[in-house]
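Feature list (source: TrEMBL):
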| type | residues | note |
| --- | --- | --- |
| TRANSMEM | 68-85 | transmembrane segment |
| TRANSMEM | 120-140 | transmembrane segment |
| TRANSMEM | 207-228 | transmembrane segment |
| TRANSMEM | 234-259 | transmembrane segment |
| TRANSMEM | 353-375 | transmembrane segment |
| TRANSMEM | 395-415 | transmembrane segment |
| TRANSMEM | 435-456 | transmembrane segment |
| TRANSMEM | 476-496 | transmembrane segment |
| TRANSMEM | 508-533 | transmembrane segment |
| TRANSMEM | 553-572 | transmembrane segment |
Amino acid sequence: MGSEETRQHEVLSPSTLKLKIKADEGEEKQNWVYDSSVDYRGNIPRRCSTGAWKAARFIIAIEFSERLSYFGLATNLIIYLMRVLHQDLKTAARTANCWQGVTTLMPLLGGFLADAYLGRFSTVLCSTLLYLAGLVLLALSQLVPSLKPCDEVSCQQVRKVHEIIFFVGMYLVSIGTGGHKPSLESFGADQFDDGEAAERKQKMSYFNWWSCALCAGVLLGVTTIVYIQDKVGWGVADIVLMCIMGFALVIFLAGRLVYRYRDPEGSPLTPMLQVAVAAVAKRHLPNPSSASQLYELTASGSTTKRLLPRTNKLKFLDKAAIIEHKDDESAFTWQKVSPWRMATITQVEETKLILAMVPIWLACLPFGMCVAQVSTLFIKQASSMDRKLSRNFELPPASVFSLAAIGMIISVTLYEKVLVPFLRKATGSERGISILKRIGIGMVFATAAMAVAAAVERKRLNSLPSSLSICWLVPQFLIMGFGDGFALVGLQEYFYDQVPDSMRSLGIALYLSVLGAASFLCSLLITVVDHLIQQTGKAGWFGKDLNTSRLDLFYTLLAGVNALNLCWYMYLASRYSYKSVQARVGTAYSDDEDDVESRDATLDRP
């Protein structure tokens, strides 16, 4: 008598049995993650014991500590430069913008190294150690007698050795942030499998909750840490930051067994360069009329990468994938063709993706210029206003930055819990609202924030010599926080999702580079505007202090620039096509569900 399974097979028809076997295979595949990631042993990860939120929680914890340290230092930097290093407003603003610019451009290098050579986990680990070294130097510059700023409290000449140690420590923090920020965020997003519907939705929520954890770190940094800096001492604050960062590193390492890792794949820029060289080399060939004339790896065995279907944009690059000598198999083998002569369709489309992002990146720079004001000139405004909340308590200037963090937490929470569920039901879209639309809404808030800031500063100047209450700054900080909740989170998601899979860390670095380049643009704009105004014989907009400056006119200029740029951005967003992914031959899905029509049209193209 046969087994129970044999009896069932005898009863089932051959077609039904085949379907059952396929279902069993599909169920077995659901237990494993086939997205090119590996577990800590280097094997294919098991879905139930690795990744998703069980791993992302460890990663979010260290992000909380890094943002606490960064904003504890950054928001009070301009106050330190003027109060301790005795710089004037213009010099302090330029110095602070330069540091912020370097800090937010360094991720381009860190993201490249993570994707190409080190891997994201190793990059985070090394960057955290550099970050800790910077915090140690900052603490030594405050606590070692020979390294302190001055011998006396009221001295006007700061020690050169203190300036050197201080700036070396600050720029070590910049370098640490450069590797930490792009690698950590993309490493967290890597814990979610795009090919599994439940985890794909969880990843959309991940960016929102990541930003909430970020804001929680910001809140603690600009309140508790800033208060310690102002009332207890800068050195004590640096020691607190060192301890928190060290503890967060221990937590990060504790999750090592449940993480999903991705091996570095070499320089992600080389395939794009190969596409350009191959397209130029075959420029004399006619544009292909059918995808059958183009070379692509098969998803079944030759590669584990997600494949991209051909699109009709930038057709010249398609020549890089044209198959030559197709009819002469003896003279042509794939293995012997140089990658500088033959590219795949996916490589061509990945190159198109990066080129398509350049206009969006440029259009986001004016928004980044608005973000730069929140931690510099907005804070300086707060220092010149009446900050007494009671008879015995005066709010530290940098603590008012917490309002922007509160605004961001409110907008992200409402977006995640109210707006997205409503829009999913109303539109049937998995995402609710497209990424670029979300960024555009944030730009509208930023423009409004600059207009409100200009009005408040004008009222402050008109009320001199009496001090205006710091409560007048609440609207501009909150509005800017609302804008950050839409635009900054949207930029993170956009630059992670729309880059090639091998460039995820570099994608986050591109998002951060928007803010870095914008900080440098702010410094340049301050210098140029001040020079042009003084050329007319009038006083510049940036004097020695706020009362001799015209920040209201500078904010008005930023509001106008953002309003004009918003029109250009809307035009670009309306013409943008989101990345379509072909997981296996014959099937595809878009990384943005609002682009379904564009996706289907792509698959039907010849």
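Glycine residues also receive a Cβ, built from the backbone N, Cα and C atoms like all the rest.
The stretch from 68-85, 353-375, 395-415, 476-496 that makes the most Cβ contacts under 8 Å with the transmembrane segment (120-140) is 68-85.
Within the chain carrying the transmembrane segment (234-259), a Cβ under 8 angstroms from the stretch's Cβ atoms is held by residues 39-40, 49-51, 54-55, 57-59, 61-62, 64-66, 68-69, 72-73, 80, 84, 121, 124-125, 128, 131-132, 135-136, 138-139, 142-143, 187, 191, 225, 228, all 6 or more beyond its ends. For the transmembrane segment (508-533), the partner stretch with the highest count of Cβ pairs under 8 angstroms, out of 68-85, 353-375, 476-496, is 353-375. For the transmembrane segment (476-496), same-chain residues at least 6 beyond its ends with a Cβ under 8 Å from one of its own Cβ atoms are 185-186, 189, 204, 207-208, 210-211, 357, 360, 364, 367, 370-371, 374, 378, 400-401, 403-412, 415, 435-436, 438-439, 441-446, 448-449, 452-453, 456, 504, 507-508, 510-511, 514. Here the transmembrane segment (435-456) has long-range neighbours at 360, 364, 366-367, 370-371, 373, 378, 381, 415, 472-473, 475-476, 479-480, 482-491, 493-494, 497-498, 551-553, 555-556, 558-559, 562-563, 565-566, 569-570, 573, 576, 578, 592, 594, meaning same-chain residues at least 6 beyond its ends whose C-beta is under 8 angstroms from one of its own.
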